[in-house]
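The structure under discussion appears below in the form of structure tokens.
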Amino acid sequence: MLNDKLSKLRFMGLFLTLFLVLISTGTMLVRGLNLGIDFTGGFITEFSTSQSIEPSKMEQALQAHIVGKFELTSAEDSTNWTVRQPELLSDGTKNDLLTSNAWLKNLQESVLVEKSNITIIPLDSDYIGTQIGQELIEQGGLAMLTALIMILVYLSMRFEWRFALGSVLALFHDIVVVIGIFAWTQLEFNLTVLASMLAIIGYSLNDSIIVADRIRESMKLNQGESLSHVINAAIRSTLTRTLITSGTTLATIGSLWWLAGAPLEGFSVALFFGIFVGTLSSICISATFPELTGLKVDYYQIKEQEARELQESI
Amino acid sequence: MKTYPKNYGYSASNRTSKWQYLIIAVALIFMALSALPNFFPKKQRLLIHSNGAEKAAIQASELYTQLADANLPVNAINSTEQGSELYFANLSDAKKAYERLVQVYGDEYTIMKSEKSGIPQWLVELGLEPIKLGLDLRGGVLFILDVDGDKAFSDRIVHIRDSVKSITRDNKIRDVNVAIANKEQVVVNIYQPQNLQKVAAEIQNRFPLLSMFYESDTQLKLFYAAAAKNSFHQEIMSQSLSTMRGRIEELGITEAVVQRQGRDRIRIELPGASNPDDVRPIIGATASLQFFQLQERGGKYFKTESGESIAVSPVPIFSGKHIKNAKAGRDEMGMPLVHLTLDAIGGDKMLRFSARNIGKPMVTVFSEYYQNTSGETLKKEKVISVATIQAQLGSRFSITHLSSPEKAQELALLLRAGSLDAPITIAKERTINATLGEKNIENGMAALTLGIGVTLLFMIAWYRQLGVIANVALSFNLLCLLGLMSLLPGAVLTLPGIAGFVLTVGMAVDTNVLIFERIKEELKRGRAVSIAVEQGYKNAFATILDANITTLLTALILYAIGYGPVKGFAITLGLGVLTSMFTGVFISKVLTRLFYTNSNSRREKGVMA
């Protein structure tokens, strides 16, 4: 009874993940990603102030004047400032060099009101290209692809191709869903978020392998139970571990999300949901996929017997 | 199962041998020492000197009252004859005090802000340093480079002229006049129309983007149309960008930001580089290497070091862009040299050329742009070697006759990082502050502390005594990771690196959870504690190995092929896997044995189950 229920849950979960992937792909196509300046390039404006100002105060002052998002850095003890703005505003209209630094004049007036003896000296304004060149995007894509293939090969060697493909599919699901969340919320997708995607890959794989490993072990020791039963038993016996590990990791990321504030928001959101769906997919996809594609429950026993026979014949 | 002799845990295979303790002790001490510099915060200090000798140093008590009047806290004041040193708890206190003191004493005293490393001298002498923080966490150095695309363009025009000359010579065409007009055009005069057409076809073949215009049957103008000139410029810019990325990566700075700025500028932000002097010569150099065939007369002339003038074919056999790898080394005689590995195209060219020219000399020319005193950009070309080709050369060979091992190192670095066709000058150089700001980093650290704290508490609540072991292992893990990151010169901690950190903590906990769950399972089956512990570790190990090897594989690939932030992440992740294997499996196994094989099994069972 319990076994049937768990199998049902797993298959329902599989449909849920499929549904999530479809929704995410749809959202991505309709809304697109809100790419950060790292990816899009944009405008850079530099100015200096006659006195040092707290960066947080400057940020607040700028927020009142600049339409759309921007990035602020300071230099020379907060007297030299750099503002980066994306080329495309969030409503899709194009920013240009002229409007992109029109705020500088307004800022002069506002800061003057606030602190009477500060003058703002415009230094430079220019268009900047993306931080990631075309060749680097290609390189990054190549890195991902190579990583995936190597993982497939390694896992196929250690397990069976169905487990390997299942794990890679689960990983694919996690990435697509997280990208879908970014398309949905329109949170900025920047290099940091990209890095957290890489972390999700690592985590998702880890999860899938641990379940797969237990399934393999149970298959070797199995005495006449069905594959579905073996898989369910393996999931049940790793469930505590899965919940503890995911729970503690989510706690760490949750506190980042809660305490670290805006600069780490995208980063923690990506990791949080990535690990959440990663846990789900390790059970629903990577453990269920081999069953769907017709893995025989006595696969490892036959293999071991063959190995024994081979040894005896030698 | 329960009938195993009680001293099972003491059998030879289970006992922790002395060398295992030794390894753990040595590794931990070493890592703790490497991690130690991170625990000494930088001291914020103000230095006050009088402008002239006649003015005496300000009394410490006077400084203290000045600051206390303005409600500004100060940690310590150190006044001597030469001047005063004031220490503050944090940067913002130091800034406020700075503004106050400038107001009061600014006219007669020089007041300087400076950071003093808080690391004790003996650690500095051991060569230990704290972990390097990335641009987003700490700030760094900014370079803005001017790429002289016009110079590259005029070099290209000269190259076209030389190529035309060499084509006519190869085809034995006479009565030729080739000249450059308006710095943008090459005018070719050949008095036989069919010869001119033949030359035109070959030129078109070599320079597909070049436009041609027949002034007459015997005169041909070669030039770049506006679109082609533009795409030439784009090409130069993207070559310069990727060369700069390559060079910075060679320097071991993984988290640099390299962006195109405006039409012909490159913006480079280097985290962790506190000293621009180390980086400047490498970034600013526009070196390239070309290999020429020696010829009797005509073509290009070079002066060798001995002052002798030699003529080479104007078109190089191949140039630096075909160099895939370059490594400095020494030959059998101990003379410095650089080993080169060429890419497929370069290797092919070299193979064909050397097969045809065994016994003939080949000239290696190193060229570099530099600025003279009046600010003009000039090209300096130097013949590195004139060597006879002894045998057919493939994609691997060496350049010899280098003056010193240091020169060989520098040449190898520049060649590895790619060549530049356009001269580059440094237009701006500045130290910049962190993007995230001090406050945000504090928040981030507080969040990480909370997260790790929750994890530690949970482990104790769930696993009790075993939880303590897991926590000790986790703390050692963090210590080892911090130590390793501080030791490696190329490792820089950035936001993506923190992602790696979080993931590492998660996976380190996972290692212990996997083991402990196995132990619990074994106990449920009714095994004695000591056997359950051994079995738990043994069973979980295969799983842990699989999971960690896959992760390590991912980290390695990301490190090898990725760049910048991806690389930084890969470093933390890869090192984290290694340290968590060491602490999570090795150390915690030793600790668990220590706890459980020496005591009464019934009591422990109560503790663990």
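Glycine is no exception: its Cβ is also placed from the backbone N, Cα and C atoms.
Annotations in TrEMBL come from automatic prediction, not curation.
Along the domain 'SecD export protein N-terminal TM' (B:14-111), the predicted structure has mean pLDDT 80. Taken from TrEMBL, the feature domain 'SecD export protein N-terminal TM' applies to B:14-111.
According to TrEMBL, the feature transmembrane segment maps to B:21-40 (among others). Same-chain residues lying 6+ beyond the ends of the transmembrane segment (B:21-40) with a Cβ under 8 Å from its Cβ atoms: 117-120, 123, 126, 128-131, 476, 479-480, 482-484, 486-487, 582, 586-587, 590.
Residues or ranges marked as domain 'Protein translocase subunit SecDF P1' by TrEMBL: B:237-294.
The feature domain 'SecDF P1 head subdomain' is assigned by TrEMBL to B:305-422.
Feature annotation from TrEMBL assigns domain 'Protein export membrane protein SecD/SecF C-terminal' to B:423-594.
Annotation comment: TrEMBL describes B:444-463 (among others) as transmembrane segment. Through the fold, the transmembrane segment (B:444-463) approaches residues 436, 470-471, 474, 478, 498, 501-502, 505, 509, 512, 516, 608 of its own chain, all at least 6 residues removed from its boundaries and within a Cβ separation under 8 Å.
Look at TrEMBL and you will find B:470-492 (among others) tagged as transmembrane segment.
Residues 444, 448, 451-452, 455, 459, 463, 466, 469-470, 473-474, 477-478, 481, 532-533, 535-537, 539-540, 543-544, 547-548, 551, 568-573, 576-577, 579-581, 583-585, 588, 608 of the same chain lie 6 or more positions beyond the ends of the transmembrane segment (B:498-519) yet place their CB under 8 Å from a CB of it. Annotation comment: TrEMBL describes B:498-519 (among others) as transmembrane segment.
What TrEMBL records for B:540-562 (among others) is transmembrane segment.
According to TrEMBL, the feature transmembrane segment maps to B:568-596 (among others).
Within the domain 'SecD export protein N-terminal TM' (B:14-111), the DSSP-based counts of helix, strand and coil residues read 47 helix, 20 strand, 31 coil.
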